[in-house]
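Enquirer: The structure follows.
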Amino acid sequence: MPAVLGFEGSANKIGVGVVRDGVVLANPRRTYVTPPGTGFLPGATARHHRAVILDLLQEALTEAGLTSKDIDCIAYTKGPGMGAPLVSVAVVARTMAQLWNKPLLGVNHCIGHIEMGRLITGATSPTVLYVSGGNTQVIAYSEHRYRIFGETIDIAVGNCLDRFARVLKISNDPSPGYNIEQMAKRGKKLVELPYTVKGMDVSFSGILSFIEDVTQRMLATGECTPEDLCFSLQETVFAMLVEITERAMAHCGSQEALIVGGVGCNMRLQEMMETMCQERGARLFATDERFCIDNGAMIAQAGWEMFRAGHRTPLSESGVTQRYRTDEVEVTWRD
């Protein structure tokens with residue numbers, strides 16, 4: 001019954017989770033929140049993570065009712081993500097592994113999301129829509145790899161939403177994407193925006209540039225409201241995501257779709273995906289904000305799978321990388 005401690009800190013969330021045999025024992029998390037109209041810089045984010053990570057570690061162990069002796073392995077996010085935050089968390093993971101004499105595992109952040117989604121929802125072999133502030137991919141498992149069938153060719157969908165939130169000076173608390181979602185519910189007018197799907201891939205930089213350019217003029221002339229623009233942006237980018245996910249499901253013959261990543265807890269995206277799945281006779285699986293948003297338990301769960309499959313990360317190879325593709329990892333723990 002191995003218990004795995006997981007550290008996640010690839011962006012503005014810092015989390016420490018404990019998982020034992022498919023049961024999440026603890027999953028505390030903190031968020032670095034910046035003022036409206038601003039994003040989060042790597043250096044400042046790393047300083048936030050360093051300030052709270054030891055308190056989170058103690059909180060996780062207390063909540064799980066475990067001590068260092070009960071931990072069998074320590075997992076951390078190797079990448080992808082922001083360099084400085086990744087390093088700040090990896091240093092703590094390496095230090096604890098040496099102090100406690102525990103094996104270390106570097107985990108791919110994207111695979112952490114997928115394995116947590118599979119654990120929580122019970123999906124067996126889904127087509128995965130992975131949507132977050134840093135990544136946008138459509139993924140399916142085949143022959144010991146999570147294969148990327150489609151992805152963004154520029155910025156991630158979450159980054160597109162977050163940057164538009166800065167234009168409107170929307171609060172970053174609890175997150176800009178969540179606040180856009182709430183404003184979009186009050187939108188009544190659909191503003192036509194660029195729709196860019198290229199085969200299995202999507203592009204969000206053009207739609208962002210367009211809406212950044214027209215926002216102030218349209219608001220000043222009364223053509224629409226901020227709520228209308230939030231509604232229009234959501235409807236357009238989510239339609240693009242649903243389209244490429246459906247195409248991947250058709251290619252794979254899949255009857256399951258799983259949404260993971262921070263944007264995945266958006267209820268409008270889940271609603272649109274559910275409609276598509278019902279029309280195909282397929283099932284949709286999704287989680288709530290506890291597990292969609294970056295968290296330590298997802299790294300612990302992926303680490304648990306890797307640990308049981310015999311994976312270990314030597315100290316000499318325990319660095320981080322800002323670019324670490326989902327399909328680089330050999331998934332030896334699945335048939």
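Any Cβ shown, glycine's included, is placed from N, Cα and C.
Okay, these came from TrEMBL:
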| type | residues | note |
| --- | --- | --- |
| BINDING | His109, His113, Tyr130, Asp294 | divalent metal cation binding site |
| BINDING | Tyr130, Val131, Ser132, Gly133, Gly134, Asp162, Gly177, Glu181, Asn266 | substrate binding site |
| DOMAIN | 29-300 | domain 'Gcp-like' |
Enquirer: Determine which residues of this chain, when His109, His113, Tyr130, Asp294 are set aside, have a Cβ within 8 Å of the centroid of the divalent metal cation site's Cβ atoms, and list them as they appear in the sequence.
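Expert: For the divalent metal cation site the neighbour list reads Ser10, Cys110, Gly112, Ile114, Ser132, Asn135, Val260, Gly261, Gly262, Met298.
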Enquirer: Any same-chain residues 6+ apart from Tyr130 (divalent metal cation binding site) with CB under 8 Å of its CB? Would you list them in sequence order, or say none?
Expert: Cys110, His113, Ile114, Thr136, Gln137, Val138, Ile139, Val260, Gly261, Gly264, Thr326
Enquirer: How far is it from Asn266 (substrate binding site) to Asp294 (divalent metal cation binding site), counting Cα to Cα, in Å?
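Expert: Per the Cα atoms, Asn266 (substrate binding site) and Asp294 (divalent metal cation binding site) stand 14 Å apart.
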Enquirer: I want to check the contact list for Gly134 (substrate binding site): same chain, sequence separation of six or more, C-beta distance under 8 angstroms. What comes out?
Expert: Ser10, Ala11, Pro80, Gly81, Ala156, Gly158, Asn159
Enquirer: Distance between Asp294 (divalent metal cation binding site) and Gly177 (substrate binding site) at the Cα atoms, whole Å?
Expert: 14
Enquirer: Specify the count of other C-beta atoms within 10 Å of the C-beta of Asn266 (substrate binding site).
Expert: 25
Enquirer: Measure from the CA atom of Ser132 (substrate binding site) to the CA atom of His109 (divalent metal cation binding site) and give the result in Å, rounded to a whole number.
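Expert: Answer for this pair: 11 Å between alpha carbons.
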